[in-house]
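So that you can see what the record holds, here are the features copied from TrEMBL:
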DOMAIN    216-332  domain '3-oxo-5-alpha-steroid 4-dehydrogenase C-terminal'
SIGNAL    1-31  signal peptide
TRANSMEM  74-94  transmembrane segment
TRANSMEM  176-198  transmembrane segment
TRANSMEM  210-228  transmembrane segment
TRANSMEM  275-301  transmembrane segment
Amino acid sequence: AGAMLAALAAAWSLLAAAFLAALLLLRQAPALRPGGVGPVISGLFQDLIRYGKTKRGCGQLPGWLRLLQVPKRWFTHFYVVSVLWNGFLLICLFRAEFLGESFPSWIQDMHHALGRDSQSKDLGKVKLFLCFKVAGFCRLTDNEHFSALLVLLLLWLHSCRRLAECLWTSVFSSGVIHIVQYCFGLGYYIAVGSTVLCQVPTNVRNGKKLSVQICWHHIIGVTMYIWASLHQHRCLAILANLRKSRSGKVVSLSHSVPFGDWFESVSCPHYFAELLIYVSMAITLGIHNVTWWCVVMYVLFNQALAAVLCHEFYQKNFSSYPKHRKAFIPLV
């Protein structure tokens, strides 16, 4: 059981390491020049890590590479998939916990493959642990189940908000993303919800309904989630308003320097807010969940790579760009 869950954590760690390596290689990649093996490899690397405005100024891509680009506005599809998939998982977990129903057989098979069912043999050995809540103590099993349900709800609400912002707030230009990035994004939102579900054994309930246990980490995590989500929405609205008139009509698709909210400190505060949202979920799960912290590490390096590229774009294209702004994390 532990080995299979360790493999899940290792998979997220490997993804985090891949984006860290890309971040470190970014400044080492040779400039794009026509012809030669080195420039071709560099071109493929740059094409895979960049999207939207950050693809500009990297040289003319070969025709066959341009065929592998899809519109950046297809980001919307990520959140459609996430709302549907993670909404389905949320319903399954809710019905299992509060109505005592069984998970679909294929979900049980997935849990069994990850070794979660076997944990039920050892749960009798787990003692009660102290948890600061409204009153009394909370059992480890109840706490795990409620925490996972709460995090899956937060993930689904995050996807709903991002989908609404893609549809009614953001203004997409003619920027593109690589088809590999697009497929990876679709798979990511399926994997991240499944990771939450796999943190809880399926058969430890023994027909009993979940007893809601509100602990200190739930309160802190949800509070942080709301705070980060509000700032992310404000920052995305600031970016969108750069292309709109006061009446809300889109008047331009060009890029401008954003000001206000967390933009005063960093170039990509919406990426920083994304990291904080995932940290808030880690806190909600109880801080001790190693697998989810591996997910957080992936988000950290993934968003850092995108933020550094955006920061360089602003610095290169706007001579008066504020020099005190950092790329991703304030003061770092």
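Cβ from N, Cα, C; glycine included.
Note that this is a predicted model, so its numbers are computed, not measured.
Over the domain '3-oxo-5-alpha-steroid 4-dehydrogenase C-terminal' (216-332) the predicted model carries a mean pLDDT of 95.
Of the two recorded stretches, the transmembrane segment (275-301) lies close to the transmembrane segment (176-198), with three or more CB pairs under 8 Å once pairs fewer than 6 apart in sequence are set aside.
Outside the transmembrane segment (176-198), and at least 6 residues removed from its termini, the chain residues within Cβ reach (under 8 Å) are 5, 8, 12, 47-48, 51-52, 55, 68-72, 74-75, 77-79, 81-82, 85-86, 89, 92-93, 107, 110-111, 114, 116, 148, 151-152, 155-156, 159, 291-292, 295. Taken residue by residue, the domain '3-oxo-5-alpha-steroid 4-dehydrogenase C-terminal' (216-332) breaks down under DSSP into 74 helix, 4 strand, 39 coil.
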